[in-house]
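Residues or ranges marked as NADP(+) binding site in TrEMBL: B:LEU9, B:GLY10, B:CYS11, B:GLY12, B:THR13, B:VAL14, B:GLY15, B:LYS16. Look at TrEMBL and you will find B:LYS106 tagged as NADPH binding site. The L-homoserine binding site annotation in TrEMBL covers B:GLU191. Sequence annotations record features per position, and here TrEMBL assigns active site, proton donor to B:LYS206.
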There are 2 protein chains.
Amino acid sequence: MKKVSIALLGCGTVGKGVIDLLAMNGPLIEEQLDTEITIKRVLIRDMPKYEQMELPDDILLTTDFADIVNDDEIEIVVEVMGSADFAKDCIEQCFKKGKSVVSANKDLIADYGMPLLKMAKECNVDFQFEASVAGGIPIVRPMYSSLNSNTMEEIIGIMNGTTNYILSNMTDTGMSYETALKEAQEKGYAEADPTNDVSGYDAGRKIAILATLGFHSALTFNDVSVEGIENIAQEDIQHAREMGYVIKLLAIARQDGDGISLNVHPAFIRKGHPLANVGGAYNAVYVRGNCVGDVMFYGQGAGSLPTASAVVSDVMNVILHCNINITGSRDFVWHDPKLKPQDSICAPYYLRMVVDNAPGVLSSISAVLAQHKISIRSLIQKDETTEIAEIVILIDSSAAGLVNQSLKEIEDLACVRKIANAIRVIEV
Amino acid sequence: MKKVSIALLGCGTVGKGVIDLLAMNGPLIEEQLDTEITIKRVLIRDMPKYEQMELPDDILLTTDFADIVNDDEIEIVVEVMGSADFAKDCIEQCFKKGKSVVSANKDLIADYGMPLLKMAKECNVDFQFEASVAGGIPIVRPMYSSLNSNTMEEIIGIMNGTTNYILSNMTDTGMSYETALKEAQEKGYAEADPTNDVSGYDAGRKIAILATLGFHSALTFNDVSVEGIENIAQEDIQHAREMGYVIKLLAIARQDGDGISLNVHPAFIRKGHPLANVGGAYNAVYVRGNCVGDVMFYGQGAGSLPTASAVVSDVMNVILHCNINITGSRDFVWHDPKLKPQDSICAPYYLRMVVDNAPGVLSSISAVLAQHKISIRSLIQKDETTEIAEIVILIDSSAAGLVNQSLKEIEDLACVRKIANAIRVIEV
């Protein structure tokens, strides 16, 4: 049986998962590859912390990346650290030394995936990153090797478990955003500083990666317009339910003859749609190709062993390639993307506003919408007190620029106290 | 740009889809491969029929397979005929001539997939068959190249669009099985002789293929215990609904320390489960691995372009392999399967029976169940007429052998007119 030595950069949740998975499924994996896998070295930051972890005795811990990159026995390096810049530097050094790399690092791939893939090819090594999007769900490889006969039209993902957990909890229990966030933090689903998740940045990085592959376009996180869930109130959840929708944080990539748009924002999605039923911390990616039609991938988007499942499958692919000397042989094609102006992106909108409970209010608001040729699909007015009323309007598909301009003008009306929310309806 | 010539065996729904897809997405596909694909020859049975089809002029039609297998310019043969034995013979001849093969033929793969993969390897050619299971949904390649780090525990599929369309229609509209079947036939979802679909054979072939790959075991259609939907009545659908379930035709492969079981049968599945929401002619495959947890793949399991999407992606993979001379390089590992006796397979059951409306009936029935140590979870008795009553029993998880023996004894009771149905409840 052949032998291959690998190294891990990082030993957090995912790194530990890789060690555990290889211990659990080692014989099955080695039989498939006719190759014995040894984790030879692990790069860590804090030696005392890891000396207390019960890692197998034969793994050498180091705080010095040079120990790994200069070890010629190590053929494959698994990067599971998280930060982008240091990881990028390490990976480039690995490539130069002829080592293939598997990464689970979405921050890195979203910003540097394309140049790293190019460099890997030049160095005749593999660079694989299935785990960077949606944890254990196979989506990166299917995108470039199973759906690649299609012109991709749409990729819509629920790709952040934290926000899906919070929104599902708000929907199921009626709790407020603040309470749901606190509970998610207590249960370990949200971090102490939840910004990266709740503001949509994490989902934005993942959609940039998938759109790069699906649209064969040089896209990065900078191309994604991002909006988080911080402004979603229980009232919005309830109005959505009454109208037959649920609210999800969606990452949306679309491509048509006019160009590409990349967005992350909360959205109304109709109850019967497969994406609407993705609950808790689960992830799902819904893809529409011009021939395959709509396809959805669903599963656990995070966690130690699910993410390790994707990482180790990548390692197995690299080993297969090493064994027949074809690392670095896959070509990826990219074009410069033509991005659509955000103002031109159309969707129906749900609008919720707090207004004076007085005659003429509806007429003033609908006049503004009419002036911008925005058509009202439905409207509900509820008196909150004798002084204040709440108005909920569903408008037909309208360009974001027009909607925003209208909302500014409506907010300037003397009878309008505030625009409480404006949420797009995604019709798929 | 490199050039590759391919041939199609068959030009029905899927073959025409391949021609159409290459016309639609040719440039995108060729750019990814740096290779121009030409469909040089197409094998057909009935020349006059195809001369009326509007096929591209440069495609040579033939009724003689020898024209294809002896054409050295043809590197890849796409088998989309359907029948098993003639297809097998053709494919073996292609392998011997150094041609790689892509097949969408589930009948063939379910019975001969493993020996054909072995022969392909010996001949240094590729053999790919993504489209043989669940049409356009990527599941075959993900199973062996993205989930292969897992010990697979369970594969549950809704993999037959015809039966899912019929059952969904019965659920949504309240129509009888007979009416739903007739409508499916009128709309082209079911064939004139629907046996292959409604009796579960089609789903059985697909689960044999997936289980072979997922469990690394030499399994064929013969190892699948198959039961169809012909016996599902509107009463069963309604009882399921009242209990919080829907009825689906499930193909189930399970593996644990005691062995492997392969079953196709109608089943109760709880309403909230992702598989329960798979409607109409859609397919879904739910997979549980020991590390990735549960993952689901959803999409169109049939149709011209969706199936062609999978076929052409396979062709693209073969071309990539041809271009770097690595066809036939993937090893597949198989063990002799240890199949569990069907009698030992446990599940909760829904039992519906028609009985005399008389004192002592319930007591006699429950005595039989108690004698076999089968525990009753819930029981509903409804008087149909003054003479006849219907009894619906949900029993706790019990071995199939015991359940069948009990049902025989219950049917022999003088007060029992018939066992109307016995349907397993799948708890996932």
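Backbone N, Cα and C define each Cβ position, glycine as well.
Locations of recorded TrEMBL features on the structure.
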| residue | record | Cβ neighbours (10 Å) |
| --- | --- | --- |
| B:LEU9 | NADP(+) binding site | 26 |
| B:GLY10 | NADP(+) binding site | 23 |
| B:CYS11 | NADP(+) binding site | 25 |
| B:GLY12 | NADP(+) binding site | 14 |
| B:THR13 | NADP(+) binding site | 16 |
| B:VAL14 | NADP(+) binding site | 27 |
| B:LYS16 | NADP(+) binding site | 21 |
| B:LYS106 | NADPH binding site | 26 |
| B:GLU191 | L-homoserine binding site | 13 |
| B:LYS206 | active site, proton donor | 28 |
Which residues, same chain and not among B:LEU9, B:GLY10, B:CYS11, B:GLY12, B:THR13, B:VAL14, B:GLY15, B:LYS16, have a CB within 8 angstroms of the centroid of the CB atoms at the recorded NADP(+) site?
B:LEU8, B:GLY17, B:VAL18, B:VAL80, B:MET81
Integer Å distance between the CA atoms belonging to the residue listed as 'active site, proton donor' and B:LYS16 (NADP(+) binding site)
23
Please tell me which one of the recorded positions listed here (B:LYS106, B:GLU191, B:LYS206) sits closest to B:GLY15 (NADP(+) binding site), measuring Cα to Cα?
B:LYS106
Using DSSP and three states only, what is B:LEU9 (NADP(+) binding site)?
strand
Taking just the CA atoms, what is the gap between the residue listed as 'NADPH binding site' and B:LEU9 (NADP(+) binding site) in Å?
15
Reduced DSSP assignment, the residue listed as 'L-homoserine binding site'
coil
